[in-house]
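Sending over a structure as structure tokens; questions will come in a sec.
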Amino acid sequence: MEELKDRGKKREGRHRDTWDPFQLNPAGAEKEQKKRCFQLAQYLVAVFVGIAVLTTAVLAKGSLLVLSTMTSPMSLRSPKEKQFYMLMLVFCLVFPNFLVFLKSLWRCAFKSFVPPKMKTMAFICFIECLVSLGTSILVLVVMPQFDVLTNLFISGGVCIVSAIMQIVFRLQQDTWKIVFPICSLILTGIGYCLLGIDYYVRVTSFVDRQGSDCYIYVGLGIFSSLLVSLCWWENSIQATNRMQDTLSELDGFRDFVFVISSILRILVIGNYLPTMFVLMQTAEGKKKHAFCAAACHWFGVVACKIHAVRMSFALPLCCTGPAMLLLGILLFITQAEQLEGAAKGDILSEGFLFCFLQFFCDSLVFLSHKNTTPVVLLELTRSMCRTSLNSHYFQWPFSMLALEGVCMWSGFVTATYYVWKIKVQRIERTSQLFVRRLYESAFIDLSLLLNTKMKVPKKCVIYLCATMWHETYDEMLKILTSMFRLDRYRGDPKEEHKDSFEFECHIYVDDAFMTEEGTGKRLVNSYVNDLTRVVIEVYRVFTNKEPDDVSIIETPYGGRLMFVLPEGNMLYVHLKDKALIRNKKRWSQIMYMYYLLGWKGYIVKNPQKIPQLNNFSRASLVSLDSETFVLPQYDNDNKRKFISDDNTYILALDGDTDFHPKAVILLVDRLRMYYNVGAACGRIHPTGMGPMVWYQKFEYAVGHWLQKTAEHVFGSVLCSPGCFSLFRGSALMDDHVLKRYSTTAQRAQEYVQYDQGEDRWLCTLLLQQGWRVEYNAASDAYTNSPQEFKEFYNQRRRWGPSTLANTLDLLHSGSETVKRNQSISWLYVLYQMFTVGSSILGPASVTLMIASALQFVFKLSGTNSIIIACAPPVFYILVCFLTKANTQITIAAIMSILYAFLMTASFFSIIGDMVIQETFLTPTGLFLISMAIMYLITALLHPEEFLLIGYGLMYFICIPSGYLLLIIYSLVNMDNVSWGTRESNKGGGGEEKKKHNLLCDKTCKLCCWDMKIQITQETENLIIQQITGQAAQQVQANTTPKDETPPHPALMLEPQTRLDTTKEEAKEEAAKHLAEEQKKKAAKSSDLGSSKSSSDEEDNDDDDSYMICEPVEELPAADWVHPVKEEFLKKLTYANMKRNLQEQIRYVLHNKDYDDVCEDLVLMLTDTLNVELSTVGPEDVLSDIQLEELQHALNRQARQTLKTNRMEKLEKRVKRAIEKTLTAPQVQRLDEKDFWDKLIDRYLTPIMETKEHKEMVSKELKSLRNKAVFLYFIINVLWVVATFFLQAIGNDVISIKIPKLYPNGTESGEYLKVEPLTLMFLLSFAILLIVQFLAMLYHRVYTLIHVVSYRSSEKNYKEKDDVSNSKTYTQIINRIDYAQVLCHELCR
């Protein structure tokens, strides 16, 4: 209700200014809000993981303390028992090394192996030997000599080397934070001193007959702790710039290093390994410790991946020691009464403490021979009796022992303080979270904290690139709304973002121009007009005002529109003229890849080539709030200097894709996680209405739920769809990727593979070069799917042959790909071979399924049913060879309906067969039921998509259409390489589509299907088009009046720009002359501005003028520029200007402290606007003179209002807001003309195919079609013929007999006879589904971790608070002076 009222108030405000206050409200334009259920789930998962980390750490640490107590010489156990427990201790230390050995050996054998350098190898092995020696001494020698409390405290000293290195290398970002490692060093030293004093008190007090040899063990304990602390030397080194070469070398052969170091550790630690077989008898203790330590390490990794470092990682691990101590005290208090020695008094009474000192400890010796005594409790109690608690001086020795524990615990907490502030990426790789793959089971809590990497997140830049071709208004609305949502999520590009990314939006519009009938002018078509209106409409929805900064630029490929989005990010719309540059999607992708990766990457590496990147010109600067900023279009290229190609991403989009910021960030996480990931795709959801959309929804769901997850888990995704995929810049720039992708198709196979499925071919190139393609199930994107039967068949006619061609190409190069690509193995190649074979046998399998349905429904024999089932496919093959495409699709639609009825009968026939057999335990019944259960479980594991399971019935009855008729149609029409979808084009200027070449136009109805039949006469020869264009040009030249400017030569209907030499030279001379004049004016104004006094208000206005981008004098523009500019000039109408001014004032004064003055300004300036424009209509565009007068009046009123409110310091902001409100769209020159000319000449010149070449390609395509059809036909016929002869021979002769079982498990005594081929097919298909199902389960776990990690860092949309309110007026004046001097120097 509140939302309705709010929208009503806004509409009433607009209605006061115009008679057309109505606007669109696209879905998703509202700010994203955190869902409480997701927040609650995130907190529950974080709490669960935190408790798991704490529990497993306490159990692991407690198990180690118990084992060390059992092996003590003072233990009451027998020598054999002590030896057994010592072997268990050895196993606990060796087990992690054994796990690392196995994993590293597997990676060396099956992934990659780099020969190590002996110098680095020797250094690492030396460190590992010292660490393992220290661990052995501390755990196997020293700890058995100490009591349980000392063993609990002394482990905190292993952080001492880490603290020393933090101090020496100054790893703290803030200087004052060096206090933490200094305190750690001091506290650890105090703890060691207290340890020595404590044992001195024990010796002198004769506590438990403690001898002087304990000093040796104290020294060994300190020495071994220092050796153990060398384990994490690499953490501090990698955070500095030292030894980077050594660390880089180590990363290359780290797996081999771990193999050798694990063996060395096992050899050093395993002094007792010859008698390890004894452990096989009773190994409960070692299993418990090994499992808990490994589980603690895994839960710790999960805690970091879900972005819960503080709550679920640092806090539990820091509390492990105190929790262990508290748990021991509680157990002792509650369980000590079981010891008979405690029966003499109350444990909690004061008198008992003295009895404890005198009688309790002595009485424990007599309990060692009684079987009823708890062994662990007895030994722990006995160990505590060896501490200073048993001293005659009870109070102060106990306090000293407690202080020792506090110092040791505080020492390692302060040494690992950085973990509390560390910034980790979501689902960070384990190798990026921790320095070492190995964890120390003896010090599980400390090893996890000290092993956590000190790191700084790297920034990335994302280029959103959408390709458009004949999108509707609603489709354009989706993609623009998505881009504006991302702009709102990112916020001001001058501010840091928690996800550390920058972005730009680029839209490439194919076939954006048309030739106006009658005049011959080259204008933008109706699709571009729709796009400009959509941009304006979406801008209004998000900001309640018109676009502020709009630039129109002529380019060698057509034109460009440049917008500054509400938060300051950039949007570029590239208008492609197919007469100047190649059209279609693949060439648009090549266009933006070369521009964004090639050209922009080049100027970043060579900033001297572009003046704006080195010395920002006057046109590149803007002053706001007394600070000088670079305009966004120049600032983005400047930021690219500090971002490598590895962190440069391209998000490929279609013109109708709808997505949220979450989807983009989740894909970015995948590329940040692994360096070898070249591309990542999300979950694509088809949208629309009708039966064809229902079929595609379930098809897409099954494809993503099972197939894509299996590819992701077992190898690599083969196709990252072009409608929503993120590509790594360095992967696209790799050898044999982009260069190969820009190849023009020459042969028939290349036409099928290159142009029919460009996204799959690009992924094939990436895979062959060693890059990995991943799938993220939580990254949702929505795109329109074909709603008509014809459009769907034409789309799949492109996809089917392209998919097969690329998969066969990848399998053909399988041996080379396996060598280069770590993600692809021979097992994965075999898996893909099996799936390809299954798809090839799809028509035969469907035919046999139809035959079985006919056999059951009509009681036919097996041979007759197969013959009848084969008749329709053969008939349709003949139809496809003999008739046109439209006729083929019409007949396919009719046959699909008939097949749907038959599939329904088939479904009930299977159920009927189970009823007749009185059991569902048949091969077919089990397969059907298990498949239904599997799909149901899969849908339950995707709760947000569970309702899609309802479309499964539609998918089932359409199987013959999708896997039989569609395959036949795709193969037979393989020679047709046209796009097939969105072929219709709207006329320009609102006129109807031309019909002079339309020979036949009829609409037929078949049941509920509307079949439109059109026969057109198309002219595809570009030579004829050129002749026609020249003729039109001659006619236009004869009919053009003298006072009318002739059209720009670049806008003629020619395949390539051919400007006259004299005209081009004259244009260049004019541009040079204008540039010189502009430079003289700038220098003159800057000299005058610098000499004026800043105290005068008029002089302040002049100072502002040269800090703001001045409009450049317009050059003679092309015909299309003026109509586009007129669309944006509607911003300067009275109704729009009033709303824009109000919103601009509120935006620049968004601080809460300025609320009063903001409302006063809005009120006064609105009144001034009403008075000045009282004679202007609400839809009239103001002239330049009216704009100047209005700007002067508004500035005067603003100055007066601010003076009244004593807020003169805000004058520059308000002036800037007024100027932006009154600024008209600018027509600018292109700085990149030379690049575009060379790119078009080298790669993107419009293709001019001769008649002979077309005939040759058509002949090759038909030959390829015939070969593919023949191969498919032979393979499927062989399968059908084999089944036919098995049916003809009879089940009694060749069959597999399976005992018939009733549902209760009893045997009926009968046998079910199944054909071998049928059983083999069912088993193989069932195995394939089971494998995909298991992969889906594995993938869902990590998807859940990723979703939870994103929800913990999701953006909160809060009102901005201006930090500038803390600046004094003097500081503002100083910044004004500095900005003036800076601009003066730059303008010189």
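Each residue, glycine too, has its Cβ placed from N, Cα and C.
Keep in mind that this is a model prediction, so the values were computed, not measured.
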Under TrEMBL, the annotation transmembrane segment belongs to which of these stretches: 253-273, 463-483?
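The listed stretch tagged transmembrane segment in TrEMBL is 253-273.
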For the record in TrEMBL, which of the ranges 152-171, 432-451 is the transmembrane segment one?
152-171
Residues sitting near the transmembrane segment (152-171): Cβ under 8 Å, six or more positions beyond its termini, same chain?
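61, 65, 138, 142-143, 146, 178, 180-182, 184-185, 188, 191-192, 195, 221-222, 225-226, 228-233, 235-237, 239-240, 242, 321, 324-325, 404-405, 408-409, 411-412, 414-416, 418, 442-443, 446, 450, 454.
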Near the transmembrane segment (178-200), which residues from the same chain, at least 6 beyond its ends, have a CB less than 8 A from one of its CBs?
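Counting only partners 6 or more residues beyond its ends, the transmembrane segment (178-200) has Cβ contacts under 8 Å with 150, 153-154, 156-157, 159-160, 162-164, 166-167, 170, 172, 210, 214-215, 218, 221-222, 388, 397, 400-401, 403-404, 407-408, 410-415, 417-418.
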What parts of the chain pack near the transmembrane segment (123-146), using Cβ distances under 8 Å and only residues at least 6 beyond its ends?
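Distant Cβ neighbours of the transmembrane segment (123-146) are 64, 68-69, 71-73, 86, 89-90, 93, 154, 214, 217, 220-221, 223-228, 230-231, 233, 246, 250, 257, 260-261, 264-265, 268-269, 271, 440, 442.
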